[in-house]
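*Asks:* According to TrEMBL, the protein carries these features:
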- 147-245: domain 'Cadherin' (DOMAIN)
- 246-363: domain 'Cadherin' (DOMAIN)
- 364-477: domain 'Cadherin' (DOMAIN)
- 478-585: domain 'Cadherin' (DOMAIN)
- 584-695: domain 'Cadherin' (DOMAIN)
- 1-22: signal peptide (SIGNAL)
Amino acid sequence: MQPRTPLVLCVLLSQVLLLTSAEDLDCTPGFQQKVLRINQPAEFIEDQSILNLTFSDCKGNDKLRYEVSSPHFKVNSDGSLVALRNITAVGRTLFVHARTPHAEDMAELVIVGGKDVQSSFQDIFKFARTSPVPRQKRSIVVSPILIPENQRQPFPRDVGKVVDSDRPEGSRFRLTGKGVDQEPKGIFRINENTGSVSVTRTLDREVMATYQLFVETTDVNGKTLEGPVPLEIIVIDQNDNRPTFREGPYVGHVMEGSPTGTTVMRMTAFDADDPATDNALLRYNIRQQTPDKPSPNMFYIDPEKGDIVTVVSPALLDRETLENPKYELIIEAQDMAGLDVGLTGTATATIVIDDKNDHSPKFTKKEFQATVEEGAVGVIVNLTVEDKDDPTTGAWRAAYTIINGNPGQSFEIHTNPQTNEGMLSVVKPLDYEISAFHTLLIKVENEDPLVPDISYGPSSTATVHITVRDVNEGPVFSPDPMMVTKRENISVGSVLLTANATDPDSLQHQTIRYSVYKDPAGWLNINPINGTVDTTAVLDRESPFVHNSVYTALFLAIDSGNPPATGTGTLLITLEDVNDNAPFIHPTVAEVCDDAKNLSVVILEASDKDLHPNTDPFKFEIHKPTVPDRVWKISKINNTHALVSLLQNLNKANYNLPIMVTDSGKPPMTNITDLRVQVCSCKNSKVDCNAAGALHVGLASILLLSLLSLACL
């Protein structure tokens, strides 16, 4: 067996046959020349032939179609390349794709002296020229296969062929990688005998743009003889995606009166096609403007950037004169650099003409009239203004100020947020007798400042004439409240004070009568003519009607008007304390065990309704005339408390112990209260306080009863 020469695998372009030896067929499908050179002219002239391309599918070229990578060129049916319009710079490389039902191929046109205008097709697809690649020892070099996306039936279809001129007899080709034996599986396959590579279904570049496969030769047992060699499948982009606007809604704002050329907003569309080709090269256009007044062309869009700018003069961009301050534009994005063959997508852009404060508010009239009754408060008149600016902005909202005629701050003005009117109010009651007329000067401004060339004029001020109407006012007590201090328990009929009420209606001559309105304890009387207040009962500081030593009563003063008016006055009587309440103790019941080791019975607390110094310190004593000695004891703890204790244990019974307590008043007051002490049986943790017999009294009482019994015999 002769020595093997190195294995060479060569993947040719779609439907390109193997470069075989002389005994191969004379016709090889594809372009006769795969790489051609064009000298860059000063300008490519429209419809002028640049060069001729020769393509054959070896079956008559039926239904032959050409596609050029640049939208500015085309290939005629006779193979002549022409420009579609006069053009200077087109880049460094053009690609021409030819296709019939039987074969397809790609030719590269190198423009000598051309300049880059975008990334070249070769850079993106790593397109390998068909010139021979020098072999390295034991290495395999292949060129990528280019397959247009969206091919139609029939499938499978051959797209290339792997060739090994020195392949041993019986060896086989094997293809692996994503798209073959890895997901997505089954897209490509190889004829293990001939090396023909085929695609089994339509490809979508937007799903996967390239496939990295590997080719190797194996023996009959599957053992690798040569390889694996990387084989790249490149999906050629077709213009099958329309531009879309993803970021809507699109709303822009521009200030009225803006200079021509003011940028409003930017529209940006997306095209899923290859960004390195004209399939995704977008151009923008305004298809429709609504409304179309005052000009059908209020705005312009930069075809490349998508920036929308104003194109009318600032005078036409006047919000107050526009039919509608909001415009809707139908924006179209077209790929293929805007050529007619390009796909389109549309979106709506809303442009709002924003208001600026170029109109000052003006009162609807120079003078306003108002009438108010004296003593009343509240809104008395609404001041109306006009403003042409946008009602939703601070350029329209009014702010009112009283600039003259309000020294006593009796008036205030506020803005009605719904109507923008100025609501003038009386906040301090007016007095007809002081002034029957008032004149106010009021100005109005906007919340937002005016633009520099606009100012507030005479129409931004107005005069308000206010007439005060006289009403019959009730008499007024002076002072109010009336205050007096008296000792409690003063004699009935004592005069406390004389009430004084005057009629504020000084221009009228009316008489005043007095009466009691509220006297909770019924202690007082008032003379209806002169207002003298005296007592009808004893004043008691400890009464529940007295709070913090103060008794409150109300009186009425009624004038002789028609109808009569009434005024109310308050009398506060501060009552000074007198020692008229004896102290008292609590508790008044206590329990103690008959066998208690601790002979303390109870702690007593003394209280007194009077005030200091008629209260504590209190003096505690046992009222001895009825109590035996050496049984009970009372000890002072502090000024208000004392301890009652036993000197010895007592039998189970109920005992009454008279406690005498005396306050510190001058003269002092004394009270004697019986303290009921229950001596209980306390055994086995059980307390029994039921009395064993009648009430147990002192020994002296028993002896006295015995003597009386003897005297009666």
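Here the Cβ of each residue, glycine as well, is placed from N, Cα and C on the backbone.
Curation does not apply to TrEMBL; its annotations are automatic.
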*Asks:* What counts of helix, strand and coil residues does DSSP assign across the domain 'Cadherin' (478-585)?
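*Replies:* So the counts come to 0 helix, 50 strand, 58 coil.
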*Asks:* For the domain 'Cadherin' (364-477), how many residues does DSSP put in helix, in strand and in coil?
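*Replies:* With helix first, then strand, then coil, the domain 'Cadherin' (364-477) has 3 helix, 53 strand, 58 coil.
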*Asks:* As a quick check of your reading of DSSP, tell me how many residues in the domain 'Cadherin' (246-363) are helical, how many are strand and how many are coil.
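*Replies:* The composition, in the requested order, is 6 helix, 48 strand, 64 coil.
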*Asks:* Calculate the per-residue pLDDT averaged over the domain 'Cadherin' (246-363) and state the result as an integer.
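*Replies:* Across the domain 'Cadherin' (246-363), the average pLDDT comes out at 94.
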*Asks:* Tally of helix, strand and coil residues over the domain 'Cadherin' (147-245) according to DSSP?
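*Replies:* Across the domain 'Cadherin' (147-245), DSSP assigns the residues as follows: 0 helix, 45 strand, 54 coil.
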